[in-house]
Amino acid sequence: MTKFVFVTGGVVSSIGKGIVAASLGRLLKSRNYSVSILKLDPYINVDPGTMSPFQHGEVFVTEDGAETDLDLGHYERFTDTSMSRLNSVTTGSIYQAVINKERRGAYMGGTVQVIPHITNEIKERIHRVAKNTNPDVVITEIGGTVGDIESLPFLEAIRQFRKDVGRNNVVYMHVTLIPWIPAAREMKTKPTQHSVKELRSIGIQPDVLVCRCDRPLKEGMKEKLSEFCDVPVESVITAQDASSIYEVPLIVEREGLAQQTLALLNLEPRQPNLTDWQTLVQRMQTPQRQIEIALVGKYVQLSDAYLSVVESLVHGGIAVNSEVKLNWVNAEDIEQYGAEKFLKDVSGILVPGGFGIRGVDGKVQAIQYARQQKIPFLGLCLGMQCAVIEWARNIARLERSNSAEFDPETPNPVINLLPEQEDVVDLGGTMRLGLYACRLSPDTLASSLYPQEVIYERHRHRYEFNNAYRSLLIETGYVVSGTSPDGRLVEIIELPGHPFFIATQFHPEFQSRPNSPHPLFLGFVKAAVDHYSTCLTEDEECEEVKE
C-alpha cells in the first residue's frame, strides 16, 4: 500500500518546504523506494502559466505539457523522476473541477460546500497520484504558511487523510524557522511553538519537525522543542543553512530524517546509497576554476524566474569541475549603454526565454556581440527567436525585420505565429506545450552534443521560425540542425565557424539533472571553459611582452 507524507510550513513563507520534500524524495529513492511528489498551491489561478514571473518565478513545464510551480523542477532534479500534470494542484483547479461537477448535476442537487466537496476533491487528487504510478511513498507539499486563510481547505483535507487511510500510513512533517536573535545572542523556539499550536488547532499534530536555522541546533534546544511541540526528540531535525541546495539531502540524512520517516510509516529501514550524490557535492565544493557567464534577460531582478536555467548551468559546471558565476544582465540596460559594457569579460552569453517586446532589442544586441566577438552563445526559446532577428537585421539586411509578436506590421516577419495558434483566444494552457520530438541533422554541433538522432524536448511557445526565410538563412551561413520529424518546424539553429553558437526553440533546462547535465548546457559550459582558458593564456602572454 502507498504511504503518504505531508509537508507543511510555518513562521515564514519561502521556508524551503519544496527542498525538504525533494530531499526526502532523494533519500527514499536512495533506499530503493519509489516516490512521487505532489504540490498543492493555495492560489486561485488554475495554473501559474499566466502569472507574472516577478510574482511567481519560473513556470516549470512537465512532459505532458502542464504549466506548474517551480518546485516541480526541484522534485524532478532531486529524484530524477519526471512529474506530470497530476503532480500540480491549485485551489483554482480544485474549484474549477467542483463547479464543473455541480453544473453536470454530479452532486444530485445537494448544497456544494468546502466540506465535504472541496476537501474530497483535494483528497481525490492525492489518491490519483498514488493510483497513477503506484509509488511506495507520495510526498505532498502544501504551499503557503500555516495560519494563512488560503491553505485551510488543504490542511483540513490532509487532516482527514490519516483517518481515511490509517494512522501508520501518514506522516505529518512541519518545516519551521528557529531564528537567531543577535541582541539576545540566542536562538528562539517561540515562533515554532506558536506555529505548531496553530497546526494543532486545525487538528494536525506534526510527527516530524524540520527546523531551518543558520547554526547548529543544540541538544537542549531539541529537547525543548520536543517537550513543547509533543514531538519525539529524535524527530526534531536540524536543517542548517547550506551553500547549495544539493547539500541539503546529506544534511538531513545525517539528522535521521529518512530513518524517522520510515519508522513512522512502518517501512523497512534500508541502507541508503548516496555515493553519487556525495561525489556530486564534493565536486561542487572543490572546483578547479571559476567562469563567468552572462544571463541576458528581462526578469533578472528575480533569479527564480530563470531557476531551471541557473540549475542547468550549475550541473554543467559540476561536470567540468568549474564554478559558474552568473552575471545577471538586464536586457534593457544593454539597449541604453551597449553590449560591451556588460559582456566584454564574460566567457559565455545565454539568452533565455520570455514574452513581450520589452528588452528584445537588448537581447538582439547581446547576440550580435556574441557572434562578432566569438563568445560562446546559447539561446533558448525567445533566445532563438532573437538570434533569428539578429541574423535578419545584421546579416540578411531585411528591412524592419522582426517577430510578428513584437511588430504585427513588419514587412519581414522572420518569426511568425504557429498556424494552430491563429484562432486561439484564451491565454492559459493554450501554447505548444510539453514533450515533442526533434530530428537532428548529421555533422552538426547539435548532433555532436546529443547521443541520438531523434531527441525529445519540452516546449512552451506560440511563435516559430518563418519557413519563408529558411533558404535565405542557410544561404547566408547558418545551419538548421534540428527540426520536427516532418521537417516543418525549425527547432535548432547554429552558426558554423563560431566556437559555440547554438539556439533552440525548446527549453532544454527542464530536463537537466545534477548527475546528468543536459547535453546543450554541458557543451555550452565546456565551450565557456575553453574561451576562459584561451583568454587567460592570451592575458599571460601580454604580461610577458610587457615585462
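Note: Cβ is positioned from N, Cα and C throughout, glycine not excepted.
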Field: Residue from SER13, SER14, SER401 that Swiss-Prot also lists as binding CTP with ASP148, ILE149, GLU150, LYS188, THR189, LYS190, PRO191, THR192, GLN193, LYS224
entry: SER13
Query: In Swiss-Prot, the L-glutamine site includes GLY354, LEU382, GLY383, MET384, GLN385, ARG462. Which of GLU332, GLU405, GLU409 does it also list there?
result: GLU405
Query: In Swiss-Prot, the residues SER14, ILE15, GLY16, LYS17, GLY18, ILE19 are said to bind ATP. Which of ASP64, ASP69, ASP71, ASP80 is said to bind at that same site?
result: ASP71
Query: In this predicted model, what is the average pLDDT of the region 'Amidoligase domain' (1-267)?
result: 95
Query: Quick one: which of these recorded positions, ASP71, GLU141, ILE149, LYS190, CYS381, have their CA within 10 A of HIS507 (active site)?
result: CYS381
Query: Which one of these recorded positions has the most other Cβ atoms within 10 Å of its own Cβ: LYS188, LYS190, LYS224, HIS507?
result: HIS507
Query: In sequence order, what residues of the same chain, 6+ apart, have a Cβ less than 8 Å from the Cβ of CYS381 (active site, nucleophile)?
result: PRO352, GLY353, GLY354, ARG460, HIS461, THR504, GLN505, PHE506, HIS507
Query: Non-local Cβ contacts of GLU509 (active site) (under 8 Å, 6 or more apart, same chain)?
result: SER308, VAL309, GLU311, SER312, PRO352, LEU380, HIS518, PHE521
